[in-house]
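Residues or ranges marked as transmembrane segment by TrEMBL: 6-27, 39-58, 78-101, 122-145, 189-207, 219-240, 247-267. The annotation region 'Disordered' is assigned in TrEMBL to 306-329.
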Amino acid sequence: MPPKGLDMETVTGVSSWMVCSVGMMILNKQAISVFPDECTLTALQMVFSVLVLVVFGYKYIHIGSLFDFLRWCMVTPFFAGMLLTSMLALKNASMTLVIVFRCLSPVPSLVIERFYPNPIRISLAMCMSILMMVCGTCLYAMQLPPDSMEGIQWVLLNMFVAVGDRLLQRLMLAKDQSPVDISKTGVTLINNAVGAVVVGSIALGNGELRKGPQDLAQLSAGPMVIVVLSCIVSVGISYTGVWAQSLISATSFLMLVNANKFVIIFYEVLFMQSKVIDRVQLVGAVMAVTASVLYGRARQVLEAEQHSEDSAETKGIKNDEKTAGSKYV
């Protein structure tokens, strides 16, 4: 039974995204290791998603107007940038490093959300959780080797691009903000189709457009299977990401999905011996991710309280109007 304050669609949408997220990160880490052309790999996943959507999901593609399409196109550079910088982060850093530094995402997200039409309040529990995130991240980073700096740069860039992507998606999907008249399948299609053009343009600029297809053709059976599996999971994460984001706030989305990162951290510690993590780093990583889970919970409670207060206020206004109207009958 879903927890109080959550309906079945919210539980299903967020859970589906979390499963795809774990599979996507592990497969992307393996795929970028065997096929190091990040633009080609990212574009390949996007094109595969477009083909699947057009073939199997064309009945569910709805785009209300050209204006809605153009509004949503503001999201696609952030979506493409998020995927590409994520691939570059995984190429140059461990999965644990990527996860830990992403835990800091509520800091810029919360600041920007204050400018939304209906911003949420900030509670003491949220502030304490953010402080715990920062402490855990610092504890983890203290033990990092000097050659981790390039990976950290990509992770931080990915974090800011991801925040922009989630905030824009939230603004254009949530019913209480300024939604577009486009179906979930439609926005997934636009994200991947236009995003593939954006990534392709970058590949053209850095010369990978000529080199990538040749490298792909030279892959053996094992690495090719990994690349294909990453493409398949990318379809699921594209759709479920939009689905989940339409149900909860941007900051809650960024934090709730971090709960599944425990699986990835312990997977890397236990099964990927190439990335050694000491006890202090493990404590810092667990501390940061735990804080993000606590933040998500604190945010969820505050949103539920604010929703109840808004409903009560609306009901009170209607009763006052009804009472005032009865005086003149």
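Cβ atoms here come from the backbone N, Cα and C positions, even for glycine.
Here the transmembrane segment (219-240) has Cβ contacts under 8 Å with residues 13, 16-17, 20-21, 23-24, 27-28, 30-31, 34-35, 41, 44-46, 48-49, 52-53, 184-185, 188, 191-192 of the same chain, all six or more residues outside its ends. Recorded stretches compared: 6-27, 39-58, 122-145, 189-207; the one with the most Cβ pairs under 8 Å to the transmembrane segment (78-101) is 189-207. With a threshold of 8 Å between CB atoms, the same-chain residues lying at least 6 positions outside the transmembrane segment (189-207) that come near it are 39-40, 42-43, 46-47, 49-50, 53-54, 57, 61, 63, 69, 72-73, 75-77, 79-81, 83-84, 182, 238, 242.
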